[in-house]
Every structure is written in structure tokens, then in C-alpha cells.
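J.: This is the structure I have questions about; it appears just below.
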């Protein structure tokens, strides 16, 4: 583009399709992604995640299966937990490479057992045997067989243990009373072979199950809190949205006043937080248990316990004091630059005033991101459940067919039963030996890669659309007469029509780096137990380098998309021009761009802090006018944190539009200074007052 010309957004005749190769690659990748999804949905079965199975691989409690009528979906595994009896591995741990041991007996039951009992003791009592029959295999019809034959044929478990249902499975009901480990109020149990065992032998096997049980109880309490407070949470989020909208509208007309009011309010809010923390710290002085340290207390699911410690409020007070001090010092050193940032924010407010629909555009980006996440998650679930039920030959005596794959339908008529009379064809694990199953890990990797690529493409589409709309405002000599009738829709159409390939290029580069980072995180997780310090050091260095690379690429992509929206050049050219343009004006970038980011951060902090304080006082019953209205909660931090996080996302959505507008106008201004000289032939497009202020930020650098 010649230096003497400016882009025409009304008639973009100079534009053409850019990075066509990347556009074709994206289309082919999306088609392949759809094919992978269809294949995964054809072979996958999410019931494997939701419903457990018995020893034969049949679902428990699922309609259309043999266990759907009388079974509500709780399998009782006896022994069921591999670590309870280490000599008997679980079916899921069997390896097709070695002859497997017989899997534990897993039976679908209507309810978990609630008492200790062995088959030997129940065999002689009709009432006990009738109770025991509910926990036997379906083929167990008669008690005429000798107990040793029943146990050998695995028609019934050797013993029952008091259990509790968890995730549709029965686990030993382990509890601690005064430091004594008990199961069903007993410290010992009969193992079914006439020996008494200590219940601590069950502890290791059920340790992880108890962690899951505690997590489940915590999740249930959190769910209860959401059920009684969801409408108040929505009200809090609506307040955050209204406050953000009012703040943005006021910026449109009172940018200077609103920025200074925002700065003062942030300082006051943080000051009140420091005062409140000090008052709570002083009030707890002398109270029993308030001097316990956080290290000694450890992690507690009930966060209210921490609020009774002086050390907690001291930590809060120190954090707020440091944050207050940092903000005050930054304001002192940047006081002159803030005036320039305010001028740019005023110009951005005028641009947004002419493109008011841009405030709602983040909802479109959010919706498309939700579609990407939903498709990725569903495809991942279907791929992970694409394995087939594998049955193996199990035999207690020597058998040449032991460990080989078999089919239950034809097993009884095969030669295996003739050569090995006591052999059984039992469900071993979920797997597969077809080409599709061998490449499942490759398909999962492709699924993750496409998720990052499409998610970054959606974000890039949103950025280039906003940049195109705001650039059309800047380069309009007579505003708004020279602007397109619908700037946002025009920019969206230009991005899809001409620059899909460029957006695909930029998002592809970023996706590759993000996939590498995910791979490094996976390797780091796998090497946590390793003792190789050099490998850990090298991995940490690589993680740090790729984190920095990702941040740089995001910064470069953002500015490249702005140049694409302005001039319609390809990605590499736009990235190069944007980078060197910023380097030629590095002082302006460091001073102005970051100051506006700091001011927008203060705006988000003000909204989130105000709504968060209001939610804190409401849910802790400290507002007398509505003290009886607030719902009773198990953990009042649940709705408070939800409101705070939701408020931040809402405020970030509104301020992200302002941030993109400021970045676009800033690059347009730099281009304006380099392309024009203020003469009649090459007039400036920015106001004279703002141009004087912005030129002051580049003292010592020659202006083009």
C-alpha cells in the first residue's frame, strides 16, 4: 500500500483472499475433525463412563441390558477393590500380553450389603442364605452344591462386607472412631476361609475411595448451596453486568472524570479492605484457638475455620497493603501518562459510541467457544469409550489357551472346554486390536490439536472483526458519514470473505505452541516420581521458554490481526509490519499501551471488588435490612466466589472491547503519523489535541 494512501472501508476494492493455502488446510482439517467425530460417535459408548459393569461386561441399571429390570445400577465387587486382596488383580488391570489371573467377582445388586457374612455361615441358615442370594451371580439357582464348588465356580462371593454406594459402586464402609479404624462397627472380619482379619487390611484398598467419598460429600454440600442460592447468584451477576454497562456508558461521555473516580474508588475499596482485616484481626485477640498457625491447621474443606484465625486476617491485610502500595506508587509515577491515556480512552469512547453493537459482540465469540468446547469434550468422551469388551480364557490349572481372547457366545462349543474343562470365558477389560483401536491415541491427539486451533481461530475472528469496525471509524475523514452503514457486520464479512486463511495461519502457529506446552505438562506429570534432576531441570526450562513464546505469539497475533483488518495484507506481512511499527515507537508502546491496560485493570478491579464485598456482606448475614432474606448455607464462600468469578468474566467481556478499540486506534495513529504530514494532500485523521499529547510520549525519537 503506498504511503500516501489510506484504506477505504466503504469500497474495499484493493482486498483479496490472503493465505489461501492455510484456508484450504483449515477446511480439510475441519472436514477431518467432523469425520473423526462421526467415527467416534459410531464406535463410542458413553455408558461405559456412567454405568459400571459386572464380571461379564454387562451394564448395571441400564435399560436394554440383561440387568435393567431388578437392578438399579449398583455393582457390588467382591473383593472388588484390587488393593484389598493384592493377590487378585482387578479386571481393568489385566494385560493382554501376559496370562491373566481370574478377575474378581463383580455382581450387579439392588443395594450394597450392610452386614458381615460369609458364604460358609450363610449356607446353613435359610434366612441368611436368602439374603446372601442377592449378592450371587444370576446363574446361582440352588444351594444344593457344596460351598467349595459354589466358591470355585465364582457363583457367590466368599464374604460380604458392610459397604456404602459411591459412584454406583459398593465400597467398604470405613470409618474412624476415636482413632480406631472400623468397618460396620467392627475391627475384625471373617475372610470366608475361617480366618479373622483386621479391617486395617481394607484401609489401603479403600483409601482412594474414601478420598473420593469425602470429595463427593463436599460436592453434595456445594450443590446444596447452589440450589438455595442460585437466584441470588444470578442477581449478583446481573448487578455486575449493569454496573459494567453503566461504567462503559459513562466512559462514553465522562471519560476523564470516570477514570479519576475509578482510581479514587479503587484506593478507597482497598483501604476499607485493609481496615476491615485489621478490625477482624484485633477482635480475635485473646480468643481460644485463634493463634493456631495455618501450617498447623492444614487444609480444611470448611473455609469458615480459617476466618477464626488471626493469621488469616493478617495475611489478607498484608496482601491488600502491598496491592494498595503498588497501585499508589504506579499512579504517582504515571500521573502524566494517565492524562494521555485518558485522551486515548476518550477517543475510544467516541469510536464505541458509533459502533455500540461492539459491546454485545463478545457474546458471539463466547457462543462459538462454547460450541468448540462442547464438540471437543463429546468427541473425547466417545473416543475414550470406543474400546470393545475383551473376553479372555481364565483357568486355574495349566491350560494352553489361558489368556487367549475368546467369545462367550461360542465358548461352550469350542475345543477349549474339551481340553480345559474348568476354563471360563470372562470379561477382562475394554480394548481392541483393530486398526481403529491402535490409532485411538493419535485421534485423541488430533482432537486436542483441533480444539486449540478452532478456539484460537474463533478468538482471532473476534479480534479482527472488532479491529475492522474501529479502524473504519478512525480512517473515516468525516465521521460517521464516511463509515460503513453497519461497521461491525461489514468487518465480520470482510474477515470471513478475504482473511479466513490469515486467521487460520495465526491460530495454527499458536495452537502448535499450546499443544507443545500441554505435552510438556504431561511429561512433567509423568516424571514427578523420577529422580533424574537434570531431566526435571531441562523440562522446567522448556516449559518456561514455551510459556514466554506463547505470550509473545499472542501479542504479535493481536497486532497482526489489526493490520489485516486495516490493509488486508496476509498474515506474515501484517505481523512484520505491526512488529516493526511497534519497535519504531517502542516508547509509546511501553508508556501508553500499558497505562491503558492498567486503567482497564483498575476498572475491572473496582467492579469485581464492589460486587464481591456486597456478596460477602449479604451471604454472611451482615446486612440488617436483608438479614433474614439471605439463604442458610453450608459454605458461604461458594456463592461469593461464584459471584466474584462471574463478575470478573462479565467485566472482562466489556473491557476487552475497549482494549481492542484502544489497540486498534493506537496502531492507526502510528500509521497516521508515518503516512501523513498534516498537509492538505496528506491530512491527519486524529484530533489535533490528541496528536499533540501522543507525540509527547515519543520524545527523543524522530517522527515520520
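Indices start at 1 and increase along the chain as displayed.
Quick reminder: no glycine exception, Cβ is built from N, Cα and C everywhere.
TrEMBL entries are annotated by machine, without manual review.
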J.: Quick check on the annotations: TrEMBL lists transmembrane segment for one of 20-41, 42-63. Which range is it?
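T.: Range annotated as transmembrane segment by TrEMBL: 20-41.
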J.: Look up transmembrane segment in TrEMBL and report which of 425-445, 530-550, 635-655 it refers to.
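T.: Range annotated as transmembrane segment by TrEMBL: 635-655.
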J.: When TrEMBL marks a stretch as transmembrane segment, which of 496-516, 664-684 is it?
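T.: Per TrEMBL, the stretch marked transmembrane segment is 496-516.
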J.: Is the transmembrane segment (496-516) close to the transmembrane segment (595-619), in the sense of at least 3 CB pairs under 8 angstroms with a sequence gap of 6 or more?
T.: no
J.: For the transmembrane segment (560-583) and the transmembrane segment (257-275), check the count of CB pairs under 8 Å (sequence separation 6 or more) and say whether it reaches 3 or more.
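T.: These two stretches do not touch.
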J.: Out of 257-275, 448-475, 635-655, which stretch touches the transmembrane segment (230-250) the most, going by CB pairs under 8 Å?
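T.: Of the candidates 257-275, 448-475, 635-655, 635-655 scores highest.
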J.: Give the nonlocal contacts of the transmembrane segment (20-41) in its own chain as ranges (CB under 8 Å, at least six residues past its ends).
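T.: Result: 375, 378-379, 382-383, 386, 436, 443, 446-447, 450, 453-454, 457, 500-502, 504-505, 508, 571.
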